[in-house]
């Protein structure tokens, strides 16, 4: 296979990844690593660098739309970015000492978790009694515009717990080169009790910054290879853009199930290859 | 009440600005990646790809002066890499923007928080963590 055909096939693969990622809300970066390692037999370190860059691209691209709508809680995102960037730097440091097959196994587990998360019931948690003093002091409570009932206000709870979970999400992001959006949403939905719309957009807003914190390390380490990044970034961006156009018309429920099964299968294969030392 | 409203609108202006900056960053960097990619494919398209063993990247692609040197020599790979660097810089520039935005709002707590995030990233960049 020549570089030209390799690039074109990878471009198509990345386009599909971006399209399915945006339609199902799982993000495009999540399938880039198995695509590169299992299908294209690239070393997992190149795959991690490439996926990291892809997640910055999709997150910045879609965050630009969300931020304009005024749903994103910028203060909350900024505050939690202290946790995610610290975690990302730690993750990028750990990555040097961790054998690549262990990285593959951890990646597989996070992938299974992410695909299960996409099935969770979308029910709002009842707001706790009493206000969080810390949230008040940090001015984290916010409001967002809705089409039905005007501007809706909400309060943020359990700030330390959410902060801790975000640090963990940051470590995973730095170690595995993924946005770890599922972990971020878990921290904001389940722990901090923030409305879905706000948590998904704020998590997306934070992914770019978190990924950038470890990408600057990986660039210097030679993980970020232009020959791989070029088709992947362009493909994922085009796919995500097409996905956002289709989103209003497509029935995503069936698609989400299919995609999650595919991801689960890829995850098992990553774990298997990790144990047999093939990755 | 009037105060609440003007605060809401000011927040909104900043959000518009941040949204625009993110969009421009993504567009400019992907155009650059595309141009570099075309040059790279014309020159090296017939060669064999080799990503099976990790050997890092060739010299001049892992640091800014090296990347820039290659761009001046019209090397496709370096132009792609410069686009990637711009892409990585996009969220970082967004943080710098936010510092100014919070300063204008006189929200000094968040000026501090934002500077802290910026500091962590700069440390990550300059701290010799690449090993």
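Cβ atoms are placed via backbone N, Cα and C, with glycine included.
Remember, predicted model here, so these are calculated numbers, not experimental data.
The transmembrane segment annotation in TrEMBL covers A:44-67 (among others). For the transmembrane segment (A:44-67), same-chain residues at least 6 beyond its ends with a Cβ under 8 Å from one of its own Cβ atoms are 14, 18, 21-22, 27-29, 32-33, 36-37, 74, 95, 100, 103-104, 176-179, 201, 204-205, 207-208, 211-212, 214-215, 218-219, 223-225, 228-229, 232-233, 236-237, 240-241, 244, 279.
Outside the transmembrane segment (A:88-113), and at least 6 residues removed from its termini, the chain residues within Cβ reach (under 8 Å) are 30, 33-34, 37, 43-45, 48, 170-176, 178, 180, 182-183, 210-211, 213-214, 217-218, 221, 263-264, 266-271, 273-275, 277-279. Under the heading transmembrane segment, TrEMBL lists A:88-113 (among others).
Per TrEMBL, transmembrane segment is recorded for A:163-186 (among others).
According to TrEMBL, the transmembrane segment annotation covers A:198-217 (among others).
Per TrEMBL, transmembrane segment is recorded for A:223-242 (among others). Sequence-distant contacts of the transmembrane segment (A:223-242) (same chain, at least 6 residues past either end, Cβ-Cβ under 8 Å): 3, 7-8, 10-22, 28-29, 32, 36, 42, 45-54, 57-58, 61-62, 177, 215.
Residues of the same chain lying 6 or more positions beyond the ends of the transmembrane segment (A:254-272) and with a Cβ under 8 Å from any Cβ of it are 20, 23-26, 30-31, 33-34, 37-38, 104-105, 107-109, 111-112, 114-116, 118-119, 279. If you look up TrEMBL, you'll see A:254-272 (among others) marked as transmembrane segment.
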